[in-house]
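S.K.: Straight out of TrEMBL:
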COMPBIAS  13-23  compositional bias 'Polar residues'
COMPBIAS  25-37  compositional bias 'Pro residues'
DOMAIN    75-545  domain 'Major facilitator superfamily (MFS) profile'
REGION    1-43  region 'Disordered'
REGION    552-573  region 'Disordered'
TRANSMEM  114-134  transmembrane segment
TRANSMEM  146-163  transmembrane segment
TRANSMEM  169-191  transmembrane segment
TRANSMEM  203-227  transmembrane segment
TRANSMEM  239-261  transmembrane segment
TRANSMEM  344-364  transmembrane segment
TRANSMEM  384-402  transmembrane segment
TRANSMEM  414-433  transmembrane segment
TRANSMEM  445-474  transmembrane segment
TRANSMEM  495-514  transmembrane segment
TRANSMEM  520-541  transmembrane segment
Amino acid sequence: MARPSPFSGLMQRHSSTPHYQTFPTTPPVASGPPPAEGDPSLYHTFSGVLSDGASSRTCGTNGNGKGHTPMPMKQLIILAVISLAEQTALNSISPYLPEMAGTFPGVDKGSVGLSVGVIASSFALAQFSTNFFWGRLSDKIGRKPVILMGTLLTAACFILFGLCRTLWQAVIVQAIMGLVNGNAGIVSTVLGEITDRSNQSSVFSYLPVVYGIGGITGPLIGGILVHSASTGLFADYPYLLPNVAAAVFLILDLIFSIFLLDESLEGAKSLPPLGERAKSLFVWLWKFTASAQPSYIRPCTPNLQSQTDQQEESGYFSGDASPPALFPEVSSPPSYKSIITPRIAILLITYGIFNLSNASYNSLYPIFVSSEPPTGRGLSPKEIGLSLAFVGATTIAFQLLLFGPFQERAGNQWGYRLSLLGFTAAFWAMPLVGYYDGSNPSSKFWLWVELGSILFLKTISTIVGLSCVMLLITNSSPNDSTLGTLNGLAQTLSAGGRAIGPLVSGGLFTASTAVPQGEFLVWGVFGGIAAAGAVLSILGVKWRGFEMVEGGDGGAAEGETDETGLLRERENS
């Protein structure tokens with residue numbers, strides 16, 4: 001009788017956390033001793049599939065939902081390193097990008113804004129086309145391989161970007177960088193998998209702090225290192241040095257991730273090692289391009305039993321008639337209809353508007369303040385970098401000291417709504433900033449006060465909105481097996497907004513230079529878009545399950561668990 005292939009255990013992908021069927025299907029037996037009769041965990045086991053995603057991450061709570069799971073500090077630190085390195089690298093471009101675009105052949109002063117928008121949009125548009133793929137791939141092969149691949153390829157792209165001499169070279173490199181970079185969504189997915197509702201609010205609130213630090217280090221690196229070398233290769237390529245520094249940050253991040261980042265996808269533990277799968281790829285290529293298979297996959301011993309034992313010990317099945325699979329077979333993925341419920345669809349639309357507003361602002365600010373009056377305010381790249389770094393430092397203080405109490409009182413939904421209203425005010429206030437008058441020294445002071453106040457409002461809106469919307473998306477996932485897909489879809493819409501924003505805002509700014517007080521046009525249009533997003537979030541982002549954080553207290557009726565409260569709400573609706 002033929003023995004079952006030892007690879008058979010690898011042919012079924014497991015989800016990142018256990019998911020159970022309701023009766024009459026017998027649930028799988030969990031590892032460890034069986035729970036005693038009356039154990040509250042028995043109820044949680046079977047109610048997880050009924051609560052529309054509200055209870056699939058309650059593994060740190062007790063029966064009353066009041067427990068608190070310790071935060072996984074080691075993994076949080078390495079995820080912070082990953083996010084910090086990437087945000088530092090990406091933010092390092094903004095201070096010098098308008099100046100860099102102006103040096104390209106065929107780009108005159110009147111078209112700098114449009115050129116900057118095209119470069120920035122090429123990155124986001126490429127991300128729009130691949131973010132969903134990276135999220136789906138991470139559900140299949142694991143989170144860590146996708147993060148490592150994205151980090152390495154992004155570092156290579158930064159080196160190439162510093163060597164660009166024409167507009168189309170910059171556009172192509174930025175597009176490639178966007179194609180290979182899906183780490184933002186994967187990091188959010190990992191955070192959702194290593195936390196539960198007892199600690200996820202605290203954990204997610206620290207990620208924007210890391211983004212804020214990246215908003216300081218990135219502009220400083222880009223603003224200070226550009227033109228800092230007077231001889232050699234860096235003098236010939238004045239924008240190469242800040243890009244080399246960004247690539248170094250990413251390579252250090254890659255080294256840390258290789259040795260310290262743990263795989264959070266539970267099913268990935270049964271996958272073959274990456275090296276073994278690379279060897280399998282070679283086998284498959286050999287098989288389909290040659291008439292014979294490599295010798296090491298043929299039976300090499302006449303004793304079938306000893307051969308099988310040898311294969312089991314080595315973990316590589318060289319006697320198989322065909323090479324091993326590159327990936328395990330997976331069950332059919334959840335349908336899009338089961339993932340994109342009406343409430344999730346509205347949330348994702350507003351998330352796209354949120355990122356459209358944020359990306360438009362980030363693209364418009366350096367173009368606006370670096371342009372000559374009367375349309376712009378005439379700041380240098382170094383002054384732009386320092387302004388962004390200063391505001392980043394003050395907003396980190398807000399995040400660490402005030403965001404917790406604010407979020408506790410306002411909640412995820414109102415925090416998100418207020419962030420879109422803050423974007424609206426910041427857009428409409430920016431063209432009101434005064435000019436620097438050389439004959440009046442105090443005008444420089446008031447210019448910085450006005451710019452700093454508006455940037456402070458905008459950055460607070462960014463970090464509050466980002467913290468809240470990540471929690472809203474995580475809490476809205478039907479179950480953990482769809483979390484990577486949902487985050488990938490969210491990042492896809494985010495990239496769509498970031499692709500449209502810089503391109504349209506740069507084009508509008510270029511057009512506004514020919515119109516008296518034309519800066520009011522571009523800032524006013526995007527302020528109106530942010531206002532529309534705020535109205536949609538107030539009217540459409542409504543669900544009690546979004547607020548179920550910190551111990552699972554989602555406002556259920558007294559005596560109810562989180563699961564029964566949400567189940568009752570779902571039945572009533």
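For all residues, glycine too, the Cβ spot is worked out from N, Cα and C.
Curation does not apply to TrEMBL; its annotations are automatic.
Show me how these features fit into the shown structure, please.
M.R.: Below 8 angstroms of C-beta separation, residues 97-98, 101-102, 104, 107, 146, 150, 167, 170-172, 174-182, 185-186, 359, 363, 366-367, 485, 488-489, 491-492, 494-507, 509-510 of the same chain, each at least six residues beyond the ends of the transmembrane segment (114-134), sit close to that stretch.
With a cut-off of 8 Å between Cβ atoms, the residues of this chain six or more beyond the transmembrane segment (146-163) that come close are 82, 85-86, 89, 93, 134, 137-138, 170, 173-174, 176-177, 180-183, 186-187, 237, 239-244, 246-247, 250-251, 253-254, 257-258, 261.
Within its own chain, the transmembrane segment (169-191) has Cβ neighbours under 8 Å at 75, 79, 82-83, 86, 100-101, 104, 118-120, 122-131, 133-135, 138, 143, 146-147, 149-151, 153-154, 157-158, 160-161, 200, 203-204, 207, 264, 470, 473-474, 483-484, 487-488, 490-491, 494-495, counting only residues six or more beyond its boundaries.
Through the fold, the transmembrane segment (203-227) approaches residues 71, 76, 79-80, 83-84, 86-96, 99, 187-188, 191, 195, 238-239, 241-242, 245-246, 381-382, 384-386, 388-389, 391-393, 395-396, 399-400, 403-404, 407, 459, 462-464, 466-467, 470-471, 474 of its own chain, all at least 6 residues removed from its boundaries and within a Cβ separation under 8 Å.
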S.K.: Please check if the transmembrane segment (445-474) comes into contact with the transmembrane segment (414-433), where contact means 3 or more CB pairs closer than 8 Å and the residues in each pair are separated by 6 or more positions.
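M.R.: Yes, the transmembrane segment (445-474) and the transmembrane segment (414-433) are in contact.
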S.K.: Note the mean pLDDT of the domain 'Major facilitator superfamily (MFS) profile' (75-545), expressed as a whole number.
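M.R.: Residues in the domain 'Major facilitator superfamily (MFS) profile' (75-545) carry a mean pLDDT of 80 in this prediction.
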